[in-house]
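Features reported for this protein in TrEMBL:
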DOMAIN    A:29-59  domain '4Fe-4S ferredoxin-type'
BINDING   A:38, A:41, A:44, A:244  [4Fe-4S] cluster 1 binding site
BINDING   A:48, A:225, A:228, A:240  [4Fe-4S] cluster 2 binding site
DOMAIN    A:140-171  domain '4Fe-4S ferredoxin-type'
BINDING   A:149, A:152, A:157, A:191  [4Fe-4S] cluster 3 binding site
BINDING   A:161, A:181, A:184, A:187  [4Fe-4S] cluster 4 binding site
DOMAIN    A:172-201  domain '4Fe-4S ferredoxin-type'
TRANSMEM  A:320-339  transmembrane segment
C-alpha cells in the first residue's frame with residue numbers, strides 16, 4: 001500500500017490514485033467499441049435508456065442527419081450512434097491519413113503475399129511489419145459508431161466537481177451521485193469531450209426540490225454514463241455491451257480491451273485498411289488514456305470526437321507555478337518597495 | 001451461416017431487419033467469408049458487406065438467371081452432386097415447351113383463366129434418366145437453353161449492374177462452392193413481395209443445387225422471416241391453404257371424398273415421407289376430434305371446411321367491402337397500416353358489423369373510425385360507421401409462456417416472467433375461454449353444422465389466473481399414444497404415429513418436441529458448453545436436425561465431400577448414418593442401396609436420394625409441380641415498370657393476380673400511355689428502429705425518438721430533378737393515394753441506367769400511420785400500394801410500384817383526393833389500365849425490326865394477343881364459405897345467435913386447432929403474409 005498523496009493530474013492508475021487499495025479495489029473495467037463492425041442498430045441506446053430509466057430525448061423531430069435522430073450524447077442519452085456517409089474522396093483521404101499514422105518509422109519489408117492475414121496481423125503486433133496495400137477503395141461507405149462517456153484516466157469532470165458528487169469507483173470508472181450533485185454545472189465545462197450534461201428543460205434553473213419533477217428523475221443534476229456501476233457491482237456486463245448483436249461494443253478489463261483493440265487494428269491494417277486507428281488507447285494522451293477505447297475508420301473529428309482532448313487540470317501545475325512565481329514576484333516587488341523606502 | 005465462405009444477401013436488409021441473426025454474418029466475416037449485398041439501396045447491411053451491388057427492383061431473375069448461365073457455360077457446376085442428387089438427368093415430357101419457344105409462355109397456358117395446366121411439365125412417362133446429361137430433353141439441357149440469353153450484357157442493360165460487378169458476384173459464388181467451400185443466400189420480403197417473388201427464390205434454389213450448396217454446412221437459402229415465430233405460424237398455420245404440418249386444405253369440387261383428399265395430402269405412389277401423408281392427417285384429426293374421429297367416419301373428414309378459392313387476406317378484405325364478412329378478429333396485426341392499399345383496408349373495416357382488436361396499444365386498426373385518413377378526407381363519417389369495435393388488451397411475450405419457432409425451424413420455449421397487468425390476457429387464455437363459451441352455447445344444438453365444435457377436444461388445464469398450461473398445448477402438438485401399453489405417453493418421433501387411430505398428434509413435424517415427456521424446446525445449454533451444432537439448445541423440427549437434407553453433405557458413397565465441410569456420413573462398421581447433426585435420412589439406409597422399381601414411400605428411397613421429402617428424392621432444378629407460374633423462373637417486368645421486357649413480348653407475369661377496381665387502380669406500364677405521369681419507382685421497407693406497422697414501436701418513446709418521422713430516401717440526382725431539399729417535405733403520389741414525407745437526400749440511393757433510360761428509385765419505410773394514439777404519427781407508405789399478387793402465394797408486390805414525387809406537403813382534407821384525381825386524369829387511368837398483358841405489338845424501341853416480326857408471329861396465336869392474367873374481381877372469387885380464413889369472423893358470428901340468422905351463408909366456420917382460431921398472427925404488412933413451401 002502506497003502512502004503517496006493522490007495526484008491531481010497525471011495518475012496512471014486511477015483506482016490506486018483514488019485510494020481504493022485501502023478498500024476493495026477491482027480490476028479497471030473498460031469498453032472497446034469496434035466501429036468497423038457496428039451495424040447502427042441503436043440497440044445500445046435503447047438498452048441503456050431501459051436499464052437506467054433515462055427520459056426520452058428531444059422533440060421527436062427528424063434531424064436530417066442520415067439515420068441519426070439523437071444528435072449527441074447528453075444528460076438523457078448516454079450512448080449515441082453517429083452515422084456518416086462518405087464518398088470516394090473521403091475514403092481515400094481517411095486511408096491515407098491512417099497510412100501515415102501506421103508507417104511512421106516502420107517501413108514495410110519482406111514479400112507481401114507470403115503471409116496469411118493472421119500471420120500478418122501477428123507480425124504487425126510483434127514488430128510493426130504492416131502490409132499497407134489497400135483493397136479496392138469503395139466508392140461509398142457508411143460509418144456508424146456508438147459513442148459513450150470515456151471514463152478518462154484523468155477525468156476533467158471529476159477534477160472540477162466542487163461537491164464531491166462525482167467520484168472514481170473501484171472499477172476505475174467515473175460516476176455522478178445525483179443525491180449529492182447540486183447542479184452547478186462546473187463539470188459540463190470540465191469535460192473535454194462534451195459528454196456530461198445537466199438534465200434540465202433548456203433553461204438555467206437551480207436543482208429542483210423533491211416533488212418538482214416527479215416524472216423526471218434527477219432533474220437539474222449532472223448526468224452521464226455510469227458504465228452501469230450497479231450492474232458491475234453484481235458482476236454483470238453493462239446493458240449496451242450485453243445487447244450489442246455484433247459485439248461491436250466489448251466490455252472487460254481495461255488491459256484486455258486495449259490489447260484486443262491493438263490486435264484488431266493490426267488485423268485491419270494487415271487487410272490494407274490503413275484507415276483503421278485507435279482512439280483513447282494511448283496513456284500518454286491529454287487525458288491519460290480513456291476507459292472507453294474506440295477503433296475508428298477515419299479522423300476523430302469525422303465522428304464528432306476531439307482530436308486531442310486535454311483534461312483541464314493538466315496545466316494546473318503550470319498555472320499554479322505561474323501563480324506562485326507571480327505572487328513571489330509581487331511579494332518581492334512589495335518588499336523591495338518597503339526596503340527601498342527605508343533608504 | 002457462420003460456416004459459409006461466401007454470403008449473398010439479396011432481397012433482405014438483414015442487418016437492419018434481423019440485427020440479432022446478423023451476428024452470424026459478422027461471425028462468418030470474421031472467419032474470412034466474403035459478404036455481398038445486392039439491393040436497390042445501400043443500407044446498414046451494405047455498410048458491413050464487402051461489396052454492395054445496386055440493382056433495379058424487380059429484375060432479380062435476370063441477375064440470378066445470368067449466374068445460372070455463367071455456371072453452366074463455364075462448367076462450374078458441382079458435377080457429382082448435380083448428377084447424383086438433382087433431377088438434372090431426368091427426361092421431361094415431349095409436350096413441354098419453354099418460354100424461349102412460345103415467346104414468354106410455357107406450354108399449358110390458358111389465356112382465358114390466366115393460369116397454367118402443368119401436365120406438360122411432367123417427367124417423361126418412361127421415367128428415364130440420362131446420366132450423361134446430353135439428351136436434349138434432360139432437365140439439364142432444358143435449363144441450359146432456357147438461360148442461354150441471360151448474359152452479363154443483359155444484366156447490365158436490365159438490372160443496371162456493371163459487367164465487372166456481375167463478374168465479381170458470380171465468381172465469388174463459384175469460387176466459394178464445391179467440395180471444400182460453401183456459399184449461402186439470404187433473402188426476405190425483398191424477394192417475396194413481387195408478382196414473381198416465389199420464382200426469385202426458385203432461381204436461387206437452382207444456383208444452390210448446381211453449386212452443391214444444399215444440405216451442407218454454410219450452404220442453403222436462408223429465409224429471414226417477417227418477425228418472431230412467423231415460421232411457427234406457417235408450421236401451425238394461420239394461412240388459409242394448409243393445415244398444421246403443411247397438410248393441404250381440402251378444396252370443394254376437387255376433394256369431395258376422403259380418398260380424393262388423401263391423394264392430395266400424400267400420394268402413396270410417390271417416394272419419400274410424404275407418402276405417409278394420410279398417417280399425419282389421421283393423427284391431426286385425432287388430436288382435434290378425439291373419439292369422434294373414427295375410421296368409419298373417415299376420421300371426421302366431413303368436419304373439415306373446404307376451400308372454395310383463394311381466401312387470402314386481400315380476398316377477405318374485398319369480401320368485407322361487399323358486406324360478405326360480419327366480424328373480424330385482429331391479433332398481432334395492424335392492417336389499417338400494415339397491409340397494402342391502406343385505404344381499401346380501412347374502408348373494408350367500416351363495412352364490418354363487429355371488429356375485435358387484441359393488441360398492447362390502441363393501434364390504428366382499432367381507431368380507424370375516428371382518426372383515419374378517410375375521416376379527414378370526408379370519405380368516412382364516424383357517425384355513419386356501424387362497425388362495433390372491441391378492444392381487448394393483450395399480454396406481451398414476457399407475460400405468457402409459449403414458444404417461438406425461428407427460421408432454422410428451431411422451437412425455443414419462453415417462460416412467463418410476470419403476470420399480465422390489468423385486463424391483459426394471453427392469446428391462449430383468450431381463445432381457451434372463447435372456445436369454452438362457444439361450446440357452452442352450442443352444447444344443446446342439434447344442427448349438424450355445430451357438430452365439429454361440439455366434438456372438438458378442448459380440455460386444457462388452467463392455473464389459478466385462468467391461464468391454460470402452454471405445455472399442455474405443446475403436448476397435443478407433439479402427440480401421444482391413445483391406446484396400447486404406452487397409452488398416455490408422448491410420441492418420441494413422427495415415426496411412432498399410427499394410421500389406425502391409436503395415436504394422436506397435432507402437427508407431425510413437431511413430434512418429438514416433447515420426447516420422453518420433456519419439453520425439448522426449453523433446453524438452454526449454453527453454446528460454449530457444447531459443439532457448434534448445439535443440439536441441446538432448443539429443438540428443431542423435424543427430429544431436432546439443424547440442417548435439412550444433410551444426407552447431401554456426404555458424397556454418393558456416404559463419405560463427407562471434404563474434411564472441412566464434414567457434417568453427416570455413413571458409418572460402414574455400424575451400418576448407419578452418423579455425424580455432428582441428426583442425419584436427415586433413414587438411419588440404416590446404406591448409400592449403395594437401390595430401391596426396387598415400383599417401390600413407394602420411404603421404401604422407395606435409394607441410398608443416394610437425399611431430398612427425402614421430394615416425390616423422387618432429388619433436388620429440383622426443374623419443378624414439374626408446386627409452382628403455378630412455370631417450372632423454371634423466367635423474367636417478367638414488374639406490373640408498373642418503366643421499361644419493356646427485354647426478353648419476351650410478354651411484359652409482366654401472365655399469372656399475376658390483378659384486381660381491376662376503382663379502389664385499386666394501376667399505373668400505366670411502359671407499353672401504355674401515361675406511364676411518365678408516375679415516372680419513378682418506389683420500394684417500401686423497414687427500419688431497425690421500428691417494428692412492422694408500428695404497433696410495438698410507435699407507441700414507445702424510446703423507439704419513436706430514434707426514428708420520429710416518415711422520410712423518403714432519394715438520390716442527389718433525383719432531388720435535383722424534382723426540386724427536393726434534404727430535411728424538407730416531399731409529396732409522393734401513386735394512383736392509389738398521396739403521402740408526405742421528409743426528404744432524405746443520400747448517395748446511398750443511386751440512379752441506374754436501364755435499357756436506355758435513367759431509373760430513379762425512392763425508398764419509403766412503412767412504419768407510420770395517421771392516428772391520434774401513438775407517440776409519433778405520419779402518413780402510411782402502404783397507402784400508395786396497389787394490389788397485384790403472386791398467384792403462388794397471394795402476396796402483394798410492395799417492392800416495385802410507380803409514383804410521382806414533388807416538393808412540399810400534401811393537401812389536406814378533400815383536396816387530397818383532388819390531387820390524386822389530377823394525376824390519374826393526366827395519366828388517363830381507368831379500371832382497365834395495366835390489364836393488357838400480352839400485347840405482342842410492343843417492342844424495344846431500339847429493335848424495330850424484331851418488333852414487326854413478333855407482331856407477325858403473334859398474330860398466329862390468336863387469343864394470346866389480348867389480355868390475360870388472372871383478373872380477379874370481387875365477384876368471381878368469394879362464394880360459399882365466406883370468411884373462414886384470416887377472419888374467423890364466421891366462428892364468432894355463429895356463436896352469437898342474435899346475428900347468425902342473418903348470415904347463414906358464412907357458417908362454414910373453420911374448426912380450429914389447439915392454437916386457437918384464426919387470424920393471421922402476422923404483424924402486418926408488407927411482409928407478413930408470406931408463405932413458404934418448406935415441406
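From the backbone N, Cα and C atoms, a Cβ is placed for every residue, glycine too.
Fair warning: this is a prediction, and the values are worked out from it, not measured in the lab.
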Excluding A:48, A:225, A:228, A:240, please set out which residues of the same chain place their CB within 8 Å of the center of the CB atoms of the [4Fe-4S] cluster 2 site, keeping sequence order.
A:44, A:47, A:51, A:52, A:78, A:79, A:148, A:226, A:227, A:238, A:239, A:241
Report, as a single number, how many Cβ atoms besides its own are within 10 Å of the Cβ of residue A:161 ([4Fe-4S] cluster 4 binding site).
24
Between the binding-site residues A:38, A:48, A:191, A:228, A:244, which lies closest to residue A:161 ([4Fe-4S] cluster 4 binding site), Cα to Cα?
A:191
Please report, as numbers and ranges, the same-chain residues at least 6 past the borders of the domain '4Fe-4S ferredoxin-type' (A:140-171) whose CB is under 8 Å from any CB of it.
8-12, 14-15, 17-18, 20, 23-31, 33, 35, 38-40, 44-45, 66, 73, 78-88, 91, 177-178, 180-182, 184, 186-193, 195-196, 221-222, 224-225, 227, 229, 232, 240, 244, 248-249, 280, 283, 287-292, 294, 296-298, 302-305, 309, 311-314
Averaging pLDDT over all residues of the domain '4Fe-4S ferredoxin-type' (A:140-171) gives 96
Sequence gap of 6 or more, C-beta under 8 Å: which same-chain residues meet both conditions with respect to residue A:157 ([4Fe-4S] cluster 3 binding site)?
A:166, A:174, A:187, A:188, A:190, A:191, A:195, A:196, A:222, A:224
Just give me the nearest neighbour of residue A:225 ([4Fe-4S] cluster 2 binding site) among the binding-site residues A:149, A:181, A:244, Cα to Cα.
A:149
Take the C-alpha atoms of residue A:48 ([4Fe-4S] cluster 2 binding site) and residue A:244 ([4Fe-4S] cluster 1 binding site) and report the distance between them in angstrom, rounded.
11
Intermolecular Cβ proximity, binding-site residues A:41, A:161, A:187, A:228, A:240 versus chain B, under 8 Å:
A:41
Tally of helix, strand and coil residues over the domain '4Fe-4S ferredoxin-type' (A:29-59) according to DSSP?
13 helix, 6 strand, 12 coil
Quick one: give me the count of other CB atoms within 10 A of the CB of residue A:225 ([4Fe-4S] cluster 2 binding site).
27
Given residue A:152 ([4Fe-4S] cluster 3 binding site) and residue A:228 ([4Fe-4S] cluster 2 binding site), what distance in Å do their CA atoms have, once rounded to a whole number?
16
Between the C-alpha atoms of residue A:41 ([4Fe-4S] cluster 1 binding site) and residue A:181 ([4Fe-4S] cluster 4 binding site), the distance in angstrom, to the nearest integer, is 33
Measuring Cα to Cα, how many Å separate residue A:228 ([4Fe-4S] cluster 2 binding site) from residue A:149 ([4Fe-4S] cluster 3 binding site)?
11
